[in-house]
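Here's the structure we're looking at; comments come further down.
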Number of protein chains: 2
Amino acid sequence: MRDIDGRAMAKAIGAEVAATAERLRADGVVPTLAVVVPTDDESTAWYVRSIERAAQNRGVECRVLQLEDPSAERLKSELDTLSADDSVHGIICQTPLPEGVTLADVGEHIAVAKDVDGANPASLGRLAAGLDTFAPATAAAVAEILRQDEVALKGKNVTIIGRSTVVGKPAALLLLAEHATVTICHSRTENLPEVCARADVLVAAVGRPEMVTAEYVKPGAIVIDVGTNPTAEGGLVGDVNAESVASVAGALTPVPGGVGPVTTQLLLRHTVQAAA
Amino acid sequence: MRDIDGRAMAKAIGAEVAATAERLRADGVVPTLAVVVPTDDESTAWYVRSIERAAQNRGVECRVLQLEDPSAERLKSELDTLSADDSVHGIICQTPLPEGVTLADVGEHIAVAKDVDGANPASLGRLAAGLDTFAPATAAAVAEILRQDEVALKGKNVTIIGRSTVVGKPAALLLLAEHATVTICHSRTENLPEVCARADVLVAAVGRPEMVTAEYVKPGAIVIDVGTNPTAEGGLVGDVNAESVASVAGALTPVPGGVGPVTTQLLLRHTVQAAA
């Protein structure tokens with residue numbers, strides 16, 4: 001089994017982002033990403049710092065707006081303000097959200113043109129309708145990795161485990177647009193290993209540590225592991241049991257070092273695109 | 001093979017619509033559907049007359065706005081006006097559209113609350129995000145027929161042939177919400193008959209007369225035929241070859257008399273819901 005090197009792909013995207021950011025700055029535009037952080041969740045804080053670092057390395061300004069458990073109204077009002085602010089080009093709102101607040105609800109207050117992580121349902125609808133829009137960065141990373149790895153998709157069976165609004169559904173739409181035959185599985189799917197084992201490309205986006213084992217994988221299949229499950233030791237583990245699938249899969253994105261770094265660079269790419 | 005009686009289902013929905021319309025009228029609200037017809041296409045005119053008749057029978061007022069090959073700007077402006085008109089509760093824009101105009105583009109000018117045929121990409125996005133919204137009536141009819149026929153969906157394999165924005169994709173989202181495992185196929189799908197023959201429920205929404213034959217159908221499967229292909233004799237034929245699948249399928253929606261009448265009544269149901 002071959003490891004797909006997400007870090008190398010991310011580096012290439014990052015270099016392209018840096019070049020675009022430099023051109024923008026030469027024209028007097030400072031590409032700017034606003035990151036709204038509505039809770040003091042520890043792993044969110046870690047992730048936000050990694051976005052800040054990545055942005056700094058690529059010439060993208062990153063403004064972090066830390067809120068202390070805001071009401072839905074306050075959060076929407078902040079997103080409205082950022083949407084109207086000409087100096088801000090991209091806006092993301094980190095999860096988890098305060099209790100009783102849903103991403104779809106607050107996402108409607110992120111202007112579609114600045115919705116670099118596809119949180120506004122209107123962005124998802126535009127994606128489904130084939131209009132120009134930003135897909136959620138994680139779903140976009142799945143499609144980007146398959147594109148960069150030159151994986152044949154036209155007519156092929158792609159199976160996605162997970163039907164979330166942020167990964168499973170938008171990834172299905174993106175890969176459908178690449179002419180794949182797309183199957184969406186989830187916790188209720190009967191005979192899940194059997195269904196997955198028919199896939200030429202298997203995307204695991206389920207949030208269960210190392211759930212995907214050899215029996216889920218067709219010999220030679222490309223496996224994309226979207227899972228980022230924290231371990232007791234403070235590390236990360238994917239949804240795929242790499243050791244188990246190693247003898248069957250053709251290639252796998254490792255965790256860490258697969259989908260994650262590509263996702264971060266795509267957020268920055270979306271931001272410079274929004275600023276251009 | 002059992003025929004699924006779409007006309008009987010439509011009648012039941014129509015009775016419920018009429019009761020709601022009567023209550024609304026007693027409260028001084030005349031539930032009103034505006035139908036914008038942007039071309040003089042003959043089969044559109046036929047379909048619009050059938051909507052008018054159905055609306056009249058159920059106490060829903062139907063306002064037809066016939067336009068003569070309008071520009072995109074004119075069409076958008078008419079839809080904006082109707083969206084702002086408090087006496088209008090539902091708005092549909094008939095296809096075909098004038099050359100160079102796309103439904104997604106003009107659909108954005110139908111207010112989501114009045115978008116009873118789910119033409120606004122924002123409605124599709126809200127559907128994908130699990131928010132309250134109107135699905136395109138044809139896709140909603142597929143889900144309604146399966147519900148009324150008490151077809152088990154949870155965990156089952158549902159395969160949809162066709163990935164259009166008006167049927168395939170929204171039907172996939174609706175059936176995914178019913179916990180089906182959903183596969184979306186299309187013209188590029190490899191081994192299409194084989195993929196379809198794994199489905200417990202097969203939805204044909206491809207627009208090719210009688211394309212689906214026995215080899216596409218798992219024994220006992222429920223087959224929903226969304227096709228309405230005009231015949232040389234002035235009739236309608238579905239995407240399914242009823243004679244061929246008869247010995248294999250468990251049940252089939254006939255054409256005419258299946259999805260079509262349910263779709264029309266759901267447009268009216270959506271309109272009275274929007275008026276309520």
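Using N, Cα and C of the backbone, Cβ positions are placed for all residues, glycine too.
Whatever TrEMBL says is automated annotation, not expert-curated.
Record features (TrEMBL):
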{"type": "BINDING", "residues": "B:GLY162, B:ARG163, B:SER164, B:THR228", "note": "NADP(+) binding site"}
{"type": "DOMAIN", "residues": "B:4-117", "note": "domain 'Tetrahydrofolate dehydrogenase/cyclohydrolase catalytic'"}
{"type": "DOMAIN", "residues": "B:136-275", "note": "domain 'Tetrahydrofolate dehydrogenase/cyclohydrolase NAD(P)-binding'"}
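Confidence across the domain 'Tetrahydrofolate dehydrogenase/cyclohydrolase catalytic' (B:4-117), taken as the mean pLDDT and rounded to a whole number, stands at 96. Close to B:SER164 (NADP(+) binding site) in the fold, though at least 6 residues off in sequence, lie B:ALA205, each with a CB less than 8 Å from its CB. Counting every protein chain shown, the Cβ of B:THR228 (NADP(+) binding site) has 20 other Cβ atoms within 10 Å.
Helix first, then strand, then coil: DSSP counts for the domain 'Tetrahydrofolate dehydrogenase/cyclohydrolase NAD(P)-binding' (B:136-275) stand at 51 helix, 26 strand, 63 coil. Of B:GLY162, B:ARG163, B:SER164, B:THR228, listed as binding-site residues, those near chain A by the criterion of a Cβ under 8 Å from one of its Cβ atoms are B:ARG163.
The residues of the domain 'Tetrahydrofolate dehydrogenase/cyclohydrolase catalytic' (B:4-117), classed with DSSP into helix (H, G, I), strand (E, B) and coil, number 59 helix, 16 strand, 39 coil. The Cβ of B:GLY162 (NADP(+) binding site) lies under 8 Å from the Cβ of B:GLY168, B:CYS185, B:HIS186, B:VAL203, B:ALA204, B:ALA205, B:VAL206, B:GLY207, B:VAL226, each of which sits 6+ residues away along the same chain. The C-beta environment of B:ARG163 (NADP(+) binding site), restricted to residues of the same chain at least 6 apart in sequence and closer than 8 Å, consists of B:LYS169, B:ILE184, B:CYS185, B:HIS186.
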